[in-house]
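J.: The feature transmembrane segment is assigned by Swiss-Prot to 7-27, 54-74, 78-98, 106-126, 133-153, 154-174, 195-215, 249-269, 311-331, with sequence analysis given as support.
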Amino acid sequence: MMNHNQIIYTIIIGFIITLILGPLTIPFLRRLKVGQTIREEGPKTHMAKSGTPTIGGIILIMSIIITSLTSGLINEELWIALAATVAFGIIGFIDDFIKVILKRNLGLRAYQKLILQGTIAVILAIYQSRTSIMGTEVIVPFVGEGITIAGFTITQTIDLGILYIPFIVFVVVATVNSVNLTDGLDGLAAGVTLIIAAFFALVAMSWGYVSLAIFAAAITGACLGFLKFNSHPAQVFMGDTGSLALGGAIATIAVLMNVVLIIPIVGGIYFAEAVSVILQVISFKLTGKRIFKMSPLHHHYELSGWAETKVVIVFWVVTVILCLVGMLALS
């Protein structure tokens with residue numbers, strides 16, 4: 001049985017490894033001239049970020065892999081989690097490569113990303129449905145041993161049956177792309193994700209998912225170390241390489257623990273960002289008017305006069321609160 005010390009050690013190791021990898025990787029990215037292109041229609045304060053090296057997600061991925069594999073607590077679940085993280089990271093890397101090295105601003109087309117992401121998600125869903133003792137069941141937050149409302153009983157788990165695979169695919173793909181949308185301010189995606197990863201590390205540890213607890217702790221440490229280079233003013237951006245990898249990692253943990261329904265709660269910031277984009281597009285197409293000054297949501301607050309650092313800190317704090325709610329939801 002693992003204890004809190006192992007989680008703490010893993011976070012510290014991941015943090016140190018990232019601090020070591022950063023100075024080794026960032027100068028290399030600068031020499032490759034993989035600078036970020038900033039949208040002209042974005043906040044004017046962001047124009048100074050133009051040319052900042054991107055594809056920094058490789059630092060995160062390498063740190064997570066090294067930290068996880070040196071833990072001595074390796075099993076099939078850990079390999080699955082690492083494989084999914086790397087696979088989503090590769091999709092992001094291809095997208096970044098096309099945009100910043102081949103200089104094609106659009107990168108992968110949306111349908112290409114969705115096909116690749118969906119394929120990984122299908123494999124993950126099939127694996128879990130066939131190997132988990134819960135089969136196609138998922139845990140329902142907030143109900144404990146079950147509750148009855150107006151004569152209708154809601155049980156602790158719900159069996160999705162044939163809907164399991166499409167549902168898991170939807171949640172995984174939605175999570176991955178929501179994290180990608182969140183990565184728009186210095187330190188935002190890394191900070192939000194380290195908090196959520198810490199939440200999963202604690203839950204996984206208390207539920208006996210030893211390898212997943214280590215994996216989540218490795219993500220926490222990697223993101224914490226990455227903030228040294230990614231907090232305002234950022235020396236490097238994680239790019240799609242990092243955001244898709246982190247989104248895939250968080251989604252995979254939730255799938256393997258059968259708690260995918262907790263993601264919209266603890267990952268509320270992720271989904272607020274995604275929903276803001278969806279609502280903005282729908283509103284503009286139907287009425288010609290925009291709901292937000294700019295989407296994703298973090299840009300709306302920037303254009304409303306909030307400093308970039310204020311938006312980031314507030315979103316971090318909201319995520320801490322949501323993770324505390326998540327703890328109650330799974331208790």
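Cβ atoms are placed via backbone N, Cα and C, with glycine included.
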J.: Does the structure show the transmembrane segment (154-174) and the transmembrane segment (249-269) touching, where I'm treating 3 or more Cβ pairs under 8 angstroms (sequence separation 6 or more) as a contact?
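T.: Output yes: the transmembrane segment (154-174) sits against the transmembrane segment (249-269).
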J.: State the non-local partners of the transmembrane segment (195-215) in its own chain: residues 6+ outside its ends, Cβ under 8 Å from one of its Cβ atoms.
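T.: Long-range Cβ neighbours of the transmembrane segment (195-215): 1-2, 4, 6-7, 10-11, 64, 68, 71, 73-75, 77-78, 81-82, 223, 249-250, 253-254, 256-257, 259, 266-267, 316, 319-320, 323, 326-327, 330.
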J.: Taking residues 6+ outside the transmembrane segment (78-98), which of them lie with a CB under 8 Å of any CB in it?
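T.: Long-range Cβ neighbours of the transmembrane segment (78-98): 34, 54-55, 57-58, 61, 64-65, 68-69, 104, 106-108, 113, 116-117, 120, 124, 127, 176, 180, 211-212, 214-215, 239-249, 251-253, 256.
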